[in-house]
Amino acid sequence: MPSSWLTYIFVYVLVCDGVVAQLENSTERDKRPVGKTGDNSGDRVVFLFNTFQNVNVHENETVQAVVSRIPLDVAFITLQFHTQHSNATLSYTRMPGLGLSLTAVDSGLLSPLIPGQTKLSWFLLAPDGDSVAGTGVILPYTSSDPVPGACNLEFDLDIDPNIYLHYNLFETTIRFAPANIGYSRGSNPPACDTEVGENARWRLRYDIYQYFLPESDLSEQSLIISIQSVANVQTMREHGKRLMTLSSSDKTEVVFSSIPGQGVIYSVIVRDPVLNTSSSYIPVHTYACSFSSTLDGCDTLGKISTRIFFTIAGLAGLFVCFFGHRFFKCELFCMGFGFAAFLFFILITRTTKLDYDIRLTLTAVIGVVGGVILVMSWWRFGSVMSCVVTVGLMLGFLISSIVFFTPVGDIQVFRSNVVFWVTFSCIVVVVLLFFVRWPREGNITTCGVAGAYAVVLAVNAYIYTSLSYITLNILKRFLNDNFSKAFTDVPFQDIDFIMITVWVVLGVSGIVLQLYRERTRPFFPPSPYLMWLQERERRKTNVLDPSHHTSSLPSRLLARARQLTGRRESAGERTPLLL
């Protein structure tokens, strides 16, 4: 009985010792002013397994991360450290060196353990001369778990569990080193270059996961909370979305569509299907924008020129949604504007390196020209079908874009540009055939759907919504030849469901209102030029018509002349004879 009490007291002392040491380390760091120079090599942070620890690394400071009392069944340990946008250095040694350290926003190290080892330490530094604040966690793994990055032949670390992320305006790419099957302490790692078989690393599978941060939330607190909720295998499976699974023979590289201003966390979980075990690479995050850039940074994504452009487009779309068919010339101008502007923006972006604002201005000018040309072609030739074809192409493009905005767009067969564009074009043609059969109904439907979507794009200029990527993904595919490899998954959160409701309500209301109002009217208004020609021919052939003896003025001018003549005669003025 006394021996059992002694055991409980001994365990209690060990636990309290670890907690007190951790509190003392935190207190010492909090007392030190930010930016203090000098040798701070004595700073230590005690970590507990699977428990996040917030760490501040001050200027010219080296913080030692320590974990002790490691169970003997643990074969290797990973340390991961995350900041929002400042680089931090993790190192195996106090002095970082090539192959012994990593500097990144999301960094991690993996340490295999030797027999009998119960304590381990790493070092954290601020490489850019400024203080760095972040959160870290240590995860233990057993000998049966796969070792992430153990078959690394590409990156600097010998065993590299990190995910390397690169992004541009169009796409975000992640790369990682292949893993190896697990092995016990003190034993030699299995060879990575063995032949394919169930007893080698080739049996491993890689699950690619994605987790979206709250929309329009660029705060550090939101990132830290999200990182902590998906840092290990279990939590990522619970909260993240699995996008795909790679085999060991696949290339360890995945491409996604960039979403500037939207926080995203990517992670890779490597599985051993034979032993039914798994382990996690170091999660990595991105906003697809820069926090340090004063131009086009994360805080300045909404350009003034973009907001002006889409605000005007949204007001025009709202008008077209409810009154487009009634004011046919205005509708044709708006549709011609959108059609010409879209094609010209693709052309000028692919062929020039002009500034964005200049390209947007030229796009607006060409859009106006396109709208005028479409209106004048109807005014001069009077062919409704030729104009409605342009309107039908607009609706077909939008419907086809919606189809590929759904999970259908991520089906593997549509990675082929040929398959994608053939399918896309077929959907557009099917919609166009609907216009040929029911031109008025099709035109009113386009007014409602496209006009309401223009309102959604106008809202997106001020408040981010994923619905803008319905057309933006297609635009990216036009502009970037490699975009076909990218996953186009986007977050759907509260604002997106609100905007879907707004889109549906506006579209349905506009369609129903116009169909009701136009039910007794002619299908399409007549061409003014053709009406003038008919009026002129009528005057030439009808000698009983008084207008036969007057000059062939347009009908409106002739009516005005008659009105003025009547007023003068009533006033007793002498009216000159019109020859």
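All residue numbers here begin at 1 and follow the chain in the order shown.
Each Cβ is built from the backbone N, Cα and C atoms, and glycine gets one as well.
Whatever TrEMBL says is automated annotation, not expert-curated.
Summarising the annotation, TrEMBL assigns signal peptide to 1-21.
The transmembrane segment annotation in TrEMBL covers 308-325 (among others).
The domain 'TM7S3/TM198-like' annotation in TrEMBL covers 311-515.
What TrEMBL lists as transmembrane segment is 332-352 (among others).
Residues annotated as transmembrane segment in TrEMBL: 358-379 (among others).
Under the heading transmembrane segment, TrEMBL lists 386-406 (among others).
According to TrEMBL, the feature transmembrane segment maps to 418-438 (among others).
For 450-475 (among others), the entry in TrEMBL reads transmembrane segment. Same-chain neighbours of the transmembrane segment (450-475): 215-216, 257, 259, 261-262, 302, 306-307, 309-311, 313-322, 324, 335, 338, 342, 345-346, 394-395, 397-398, 401-402, 404-405, 409, 424, 488, 490-493, 495-496, 499-500, 502-504, 506-507, 510, counting only residues six or more beyond its ends whose CB sits under 8 Å from a CB of the stretch.
TrEMBL lists 495-516 (among others) with the feature transmembrane segment.
Within its own chain, the transmembrane segment (308-325) is flanked in space by residues 331, 334, 338, 360, 364, 440, 443-444, 446-448, 450-455, 457-461, 506-507, 509-510, 513-514, 518, which lie at least six positions past its ends and keep a Cβ under 8 Å from the stretch.
Long-range neighbours of the transmembrane segment (495-516) within the same chain, counting only residues 6 or more positions beyond its ends whose Cβ lies under 8 Å from a Cβ of the stretch, are 215-216, 318, 321-326, 441, 444-445, 447-449, 451-453, 455-456, 459, 463-467.
332-352 is the stretch from 332-352, 386-406, 418-438 with the greatest number of Cβ pairs below 8 Å to the transmembrane segment (358-379). Non-local neighbours of the transmembrane segment (386-406) in the same chain are 331-332, 335-336, 338-339, 374, 377-378, 414, 420, 424, 427-432, 434-435, 439, 442-443, 445-446, 449-450, 453, 469-471, 473-474, 488; each lies 6+ residues outside the stretch with a CB under 8 Å from one of its CB atoms.
Here the transmembrane segment (418-438) has long-range neighbours at 385, 388-389, 391-393, 395-397, 399-400, 403-404, 474, 477, 484, meaning same-chain residues at least 6 beyond its ends whose C-beta is under 8 angstroms from one of its own.
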